[in-house]
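First the structure, in the form of structure tokens, and then the observations on it.
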Amino acid sequence: MSGRYDHLDESDVRVRPSRKGSRPRTKDRPAHEDAVLGVVTAVDRGRYTVRVSDRTVVAMRARELGRSRIVVGDRVGMVGDTSGRPDTLARIVRVEERRTVLRRSADDSDTVERVIVANADQLVVVTALADPEPRERMVDRCLVAAYDAGLDPLLVLTKADLASPVAFLRHYAALDVPSVVTGTVPGAGGDAVDPTALERVRAALLGRTSVLVGHSGVGKSTLVNALVPDAARSTGVVNAVTGRGRHTSTSAVALELAGGGWVVDTPGVRSFGLGHVDPASFVEHFDDLAAGTSGCPRGCSHDEPDCALDAWVDEGHAGPAGAARLESLRRLLRSRTGEDHG
Ligand SMILES: Nc1nc2c(ncn2[C@@H]2O[C@H](COP(=O)(O)OP(=O)(O)OP(=O)(O)O)[C@@H](O)[C@H]2O)c(=O)[nH]1
Ligand SMILES: [Zn+2]
């Protein structure tokens with residue numbers, strides 16, 4: 001980003017719609033000092049849907065932005081017609097620095113990573129307790145992706161009306177991953193999410209930008225529809241065949257929660273390529289273990305006989321949960337590789 005705006009924070013930027021028909025500014029004036037700021041909520045074939053405080057603007061990218069990608073969650077500055085009226089088109093002239101980036105690569109050996117969501121706070125891993133059976137390995141991989149991206153993980157366990165969460169949650173006890181259990185009201189049809197459970201989910205998402213990921217059939221759409229009843233309308237994309245408000249594109253879309261916060265649905269994302277995750281930096285997410293790695297051989301995978309973490313844990317430096325924490329760390333590290341991409 002240009003250093004020209006370093007002295008500005010968001011509240012300094014004047015937000016006003018540009019007048020219709022205003023002329024392009026001359027080259028030597030500060031570029032786009034009157035840009036209107038917004039958050040990208042959807043991307044579809046070169047058209048960006050951008051939420052400004054009280055309106056939704058459709059924009060295209062200005063040529064001056066070059067090849068850099070703009071993704072859901074990006075905070076952007078726009079010029080041109082930012083009124084949001086039908087058939088108007090604004091121009092995105094800058095993208096603010098990203099606080100976090102959630103990436104995916106097509107698979108573990110793929111070095112081409114794509115940012116899928118910018119500026120998210122939380123990665124919500126939606127897993128059914130039954131029908132389909134929970135896939136621990138896929139959950140592990142999502143947790144690795146969350147830690148790596150600097151997002152807080154949250155487990156949302158659906159279909160508690162069909163099976164108990166106790167056994168599944170045991171796998172995650174040592175990781176201190178927060179979880180919310182939800183289900184539908186028995187006998188009320190598959191789509192009536194239990195209101196008390198829904199409130200717990202809502203509370204966990206309030207005021208934050210949360211990216212939802214989950215395997216097909218786990219009840220992600222059911223949950224999104226319950227959280228954002230007008231989801232279909234607000235995305236403006238309704239499947240012509242089913243009419244059920246399914247996204248026809250596979251790109252992420254951000255939905256605004258009543259009360260504040262965003263839910264980012266990622267219809268096409270079932271897993272994350274984790275080839276870029278390095279064991280040495282990953283262990284830093286485990287404060288109690290990271291300090292014990294100073295005795296490790298150079299380039300230690302932390303999952304080999306010479307790893308110093310076994311002794312560290314045996315000597316009690318990581319507390320009573322140390323052994324379980326180390327086992328969990330190693331399980332997550334192993335989930336990076338292998339065939340099952342969930
Ligand atoms: N018993 C029970 N059924 C549920 C629950 N949540 C969703 N379902 C049902 O599970 C099925 C799948 O739910 P969806 O919300 O479509 O799942 P999804 O995760 O969006 O899956 P895709 O549409 O394949 O992406 C539907 O038949 C729902 O009615 C739940 O908590 N309990
Ligand atoms: Zn080690």
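Even glycines carry a Cβ here, placed using N, Cα and C.
TrEMBL: automatically predicted annotations, no manual curation.
Source: prediction; values computed, not measured.
Copied from TrEMBL, the annotated features are:
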- 1-15: compositional bias 'Basic and acidic residues' (COMPBIAS)
- 1-32: region 'Disordered' (REGION)
- 109-272: domain 'CP-type G' (DOMAIN)
- 118-270: domain 'EngC GTPase' (DOMAIN)
- Thr158, Lys159, Ala160, Asp161, Gly214, His215, Ser216, Gly217, Val218, Gly219, Lys220, Ser221, Thr222: GTP binding site (BINDING)
- Cys296, Cys300, His302, Cys307: Zn(2+) binding site (BINDING)
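What TrEMBL annotates, mapped onto the structure for a quick look.
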residue	record	contacts (Cβ under 8 Å, 6+ apart)
Thr158	GTP binding site	Val126, Thr127, Ala128, Leu129, Thr182, Gly183, Val218, Gly219, Thr222, Leu223
Ala160	GTP binding site	Leu129, Val181, Thr182, Gly183, Ala197
Gly214	GTP binding site	Val125, Val126, Thr127, Lys220
Cys296	Zn(2+) binding site	His302, Asp306, Cys307, Ala308, Leu309
Cys300	Zn(2+) binding site	Pro279, Ala280, Thr293, Asp306, Cys307, Ala308
Local confidence of the domain 'CP-type G' (109-272) - pLDDT mean: 85
Cys296, Cys300, His302, Cys307 excluded, remaining Cβ within 8 Å of their centroid (Zn(2+)): Pro279, Val283, Thr293, Pro297, Ser301, Asp303, Glu304, Asp306, Ala308, Leu309
Distance-selected binding-site residues near ligand 1 (C-beta under 6 Å), from Thr158, Ala160, Ser216, Lys220, Cys307: Thr158, Ser216, Lys220
Per DSSP, three-state class assigned to Lys220 (GTP binding site): helix
Entry from the binding-site residues list Ser216, Thr222 having the most other CB atoms no farther than 10 A: Thr222
All-chain count of other Cβ atoms within 10 Å of His302 (Zn(2+) binding site): 22
Site diameter for GTP, Å, by largest Cα distance between Thr158, Lys159, Ala160, Asp161, Gly214, His215, Ser216, Gly217, Val218, Gly219, Lys220, Ser221, Thr222: 19
Neighbourhood of ligand 2 - binding-site residues from Thr158, Val218, Cys296, Cys300, Cys307 with Cβ under 6 Å: Cys296, Cys300, Cys307
